[in-house]
Amino acid sequence: MSSGLWNQEKVTSPYWEERLFYLLLQECSVTDKQTQKLLRVPKGSIGQYIQDRSVGHSRVPSAKGKKNQIGLKILEQPHAVLFVDEKDVVEINEKFTELLLAITNCEERLSLFRNRIRLSKGLQVDVGSPVRVQLRSGEEKFPGVVRFRGPLLAERTVSGIFFGVELLEEGRGQGFTDGVYQGKQLFQCDEDCGVFVALDKLELIEDDDNGLESDFAGPGDTVQVEPPPLEINSRVSLKVGESTESGTVIFCDVLPGKESLGYFVGVDMDNPIGNWDGRFDGVQLCSFASVESTVLLHINDIIPDSVTQERRPPKLAFMSRGVGDKGSSSHNKPKVTGSTSDPGSRNRSELFYTLNGSSVDSQQQSKSKNPWYIDEVAEDPAKSLTEMSSDFGHSSPPPQPPSMNSLSSENRFHSLPFSLTKMPNTNGSMAHSPLSLSVQSVMGELNSTPVQESPPMPSSSGNAHGLEVGSLAEVKENPPFYGVIRWIGQPPGLSDVLAGLELEDECAGCTDGTFRGTRYFTCALKKALFVKLKSCRPDSRFASLQPVSNQIERCNSLAFGGYLSEVVEENTPPKMEKEGLEIMIGKKKGIQGHYNSCYLDSTLFCLFAFSSALDTVLLRPKEKNDVEYYSETQELLRTEIVNPLRIYGYVCATKIMKLRKILEKVEAASGFTSEEKDPEEFLNILFHDILRVEPLLKIRSAGQKVQDCNFYQIFMEKNEKVGVPTIQQLLEWSFINSNLKFAEAPSCLIIQMPRFGKDFKLFKKIFPSLELNITDLLEDTPRQCRICGGLAMYECRECYDDPDISAGKIKQFCKTCSTQVHLHPRRLNHTYHPVSLPKDLPDWDWRHGCIPCQKMELFAVLCIETSHYVAFVKYGKDDSAWLFFDSMADRDGGQNGFNIPQVTPCPEVGEYLKMSLEDLHSLDSRRIQGCARRLLCDAYMCMYQSPTMSLYK
């Protein structure tokens, strides 16, 4: 997508700003001229139209033959000014802009925009509306009533519209607010009975339907309507000046909001004369329109090629995109009486054919751009769909079917209007590309009908051949169709279970995952085929691979091909700040989880995504005492996990399973490929038994021998006086109570929180100290006197809890201060010990107050909730520079589907880390917004690094 970034400064006087808004249909990657860094503007972003003041306060069309460009100020990135091609954006009205802007995920925003009916219904949702709310993905929807409608924050030119909903019935207690947002009471309800959501999480409950998701009439509906008076693909003429021009009908329907005006017709002209891009009032009505050759006119201005053209017999209303809105379906479309026919079952092959969501009888097919559905394949695989036409599979058009009167009622709606052919390559050869396993949630262009999302329905577990979602399948044709099953279910109005396949090759007339106006999955355009499940067979080309024996081997199957990640030989340091952010955030980012791997995925992400503290582990040459698979493990970690993660932001489950298999080679280690494990088990096996890493920590207890370990588990009794402890306090308490000291300053310190198992936590919240001062925990290190700041000579453990002297701090004193402190009657019996100091300590350092501090920085936090590990990592210096990672954030398919990892920014964490401990203690955990609750309440391991020490280790 061509675009230009003019500046990153505040847009002020050089531009007029008009209240016109556009949605980006393509992603922009543009260069910031100041920093020379790429700025990513994803598709689905919303921009406000701007005009150079020197041009004037209006839009000026480009010269003929040149591409029109539009200047936009991106609302989510208000300092960026883009100039984009007009074809890469779609204009949206301000009311739609407000509804869409509240949806922060640009892909979900674009998906909702394409569902025109649902978006329009969003305008009807107001205070008092009964709704259902989707609180969490994959869970049931809760009933509620809208109590607030409006912006939460009004800091932009236009603000997103949010809905404050009071949850009812089983939803009570499932919310997170009582109507208060950032200290402001926006509505009132009981505690934890309210939520603030955008339209994408909302569904309007109406008396006459099942909500926003049921706005399209399906084939099971008994309502009958009169079809549009002009056939799609019929030939027509129109007067242009003194001449007559011809074209093909690509749209015939009423316009939304203008139903009283009657039908309008979109005509694809034979000659390049046109003025319509397929949109009306910001809504896409026709995907095949081209502004250079398409016109939109009232039906009275259109001359059919045959003025006496017979009207089609009435049939079930498979409503087109213009008919889908209930409001429009009743205008100018009288009901037609008559019996409806049930397609029934047939012994021979038949096809449904749908265009723009409507069932259409056979007709001349000039442009193969239509979704289609194979109703049935003959039980004998040798019998082909070609029974319907001897020319099937060739480019010539099929013979004209018999008239409607000659068809039986069961066959009336089943015809073959085009030749099914695979799309040729540019060189004329047939395309045989590898399986397309795309799982992107939206298409890059607005080239599909705005469709309703698929209604929830139970998926079939498979058929007699053991096929299920994710299986490689074929439809026995000549030539066969190969693909991956993406969906199994029973659409409304059909008695058979269908399979939705994503085909290997493009096929004329296939969709991008929609069937009869409903989206069941998403793939590239012209690759979605819907066929009866019983007509599918396992892919004969890979018979030896089916079925996959178990979950351990599944991630090495061909079905995982679309999720593979790269191999990178070159050593790669972590990318930080904005550069790292651009690489890492989004869906299918991070490390893909599979089969109880979250403990390992999250630990690796914490250790390597944005830290190089342990990079020496990846570089040490093999020694004679190393295990035989040392090099294999190290190379796998370096080239297939760490380097790809840092460059591309993604590692697939196949690579992680290879590592899990290696872990099981260790004697006394088992279950790493299948069972739930804890991070400490993984670290001990990897670091101690396989890589033989020099222990990260060397700790001495009361003059005993130094003990080596790779992480430190905090053991202590609960202090009832402390509400929210910091990591600094916990570590010092634990060391004081156990009389421990670090024998060496660590370069990487992994601290395990005081909790027992996955469930019992000693503290409800723990404050993750961003900086850890370990000076007082080190042996042979100069330390400051707690009283005067001079060189400390003695340490007293019994003074630790004394409230009169820096309560809760380790106490060390110079000789003079120690004498004075222990003259107090309460401290006369204290036993204090000399502080161990370096033998060659320069005398002038401490006399001039130059006693250095050893500090470590927090770089990651590993969390667990209900046996599932997730990670928080810090990608920059700012307190809000936090990312949240979940290796199993989403799912593609059912039991044998695939997990989709996701990395999301969570800047709200920074705000909570600025709060005082008292405020955090008094804050109800359920009121903590976003991901921050998991960081503060579910911490399992906190990881610190020393920027200076890591240079030497």
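In case you wondered, yes, glycine gets a Cβ from its N, Cα and C as well.
In the three-state DSSP scheme, H868 (active site, proton acceptor) is classed as strand. Residues or ranges marked as active site, proton acceptor in Swiss-Prot (evidence: sequence analysis): H868.
Taken from Swiss-Prot, the feature Zn(2+) 1 binding site covers C785, C788, C814, C817, and the record attributes it to similarity to another entry. C817 (Zn(2+) 1 binding site) falls within a helical segment according to DSSP.
According to Swiss-Prot, the Zn(2+) 2 binding site annotation covers C796, C799, H822, H830, on the basis of similarity to another entry. Taking all protein chains in view, 19 other C-beta atoms sit within 10 angstroms of the C-beta of H822 (Zn(2+) 2 binding site).
Sequence annotations record features per position, and here Swiss-Prot assigns compositional bias 'Polar residues' to 327-346.
Look at Swiss-Prot and you will find 253-286 tagged as domain 'CAP-Gly 2', backed by sequence analysis. Summarised as a single figure, the pLDDT of the domain 'CAP-Gly 2' (253-286) averages 80.
Annotation comment: Swiss-Prot describes S384 (among others) as phosphoserine, evidence class similarity to another entry.
Residues or ranges marked as phosphoserine in Swiss-Prot (evidence: a large-scale study or a structure entry): S415 (among others).
The annotation phosphoserine is assigned in Swiss-Prot to S419 (among others).
As annotated by Swiss-Prot, region 'Disordered' applies to 318-350 (among others).
Residues or ranges marked as region 'Disordered' by Swiss-Prot: 387-410 (among others).
What Swiss-Prot records for 467-681 is region 'Interaction with IKBKG/NEMO', and it gives similarity to another entry as the kind of evidence.
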Compute the mean position of the Cβ atoms of C796, C799, H822, H830, which form the recorded Zn(2+) 2 site, and then list in sequence order the other residues of that chain whose Cβ is within 8 Å of it. E798, D802, K811, S818, V821, R827, T831, Y832
Binding-site residues considered: C788, C799, C814, C817; fewest surrounding Cβ atoms within 10 Å belongs to C788
Candidates C796, C799, H868 (recorded positions) - the one closest to C814 (Zn(2+) 1 binding site) by CA: C796
For H868 (active site, proton acceptor), the number of neighbouring Cβ atoms whose distance to its own Cβ is within 10 Å equals 18
For Zn(2+) 1, residues beyond C785, C788, C814, C817 with C-beta within 8 angstroms of the site's Cβ centre include exactly R786, I787, G789, G790, L791, A792, F813, K815, T816, S818
For the binding-site residues listed here (C785, C796, H830), which one has the lowest count of neighbouring CB atoms within 10 Å of its own CB? H830
Residue pair C788 (Zn(2+) 1 binding site), H830 (Zn(2+) 2 binding site) - Cα distance, angstrom, rounded: 20
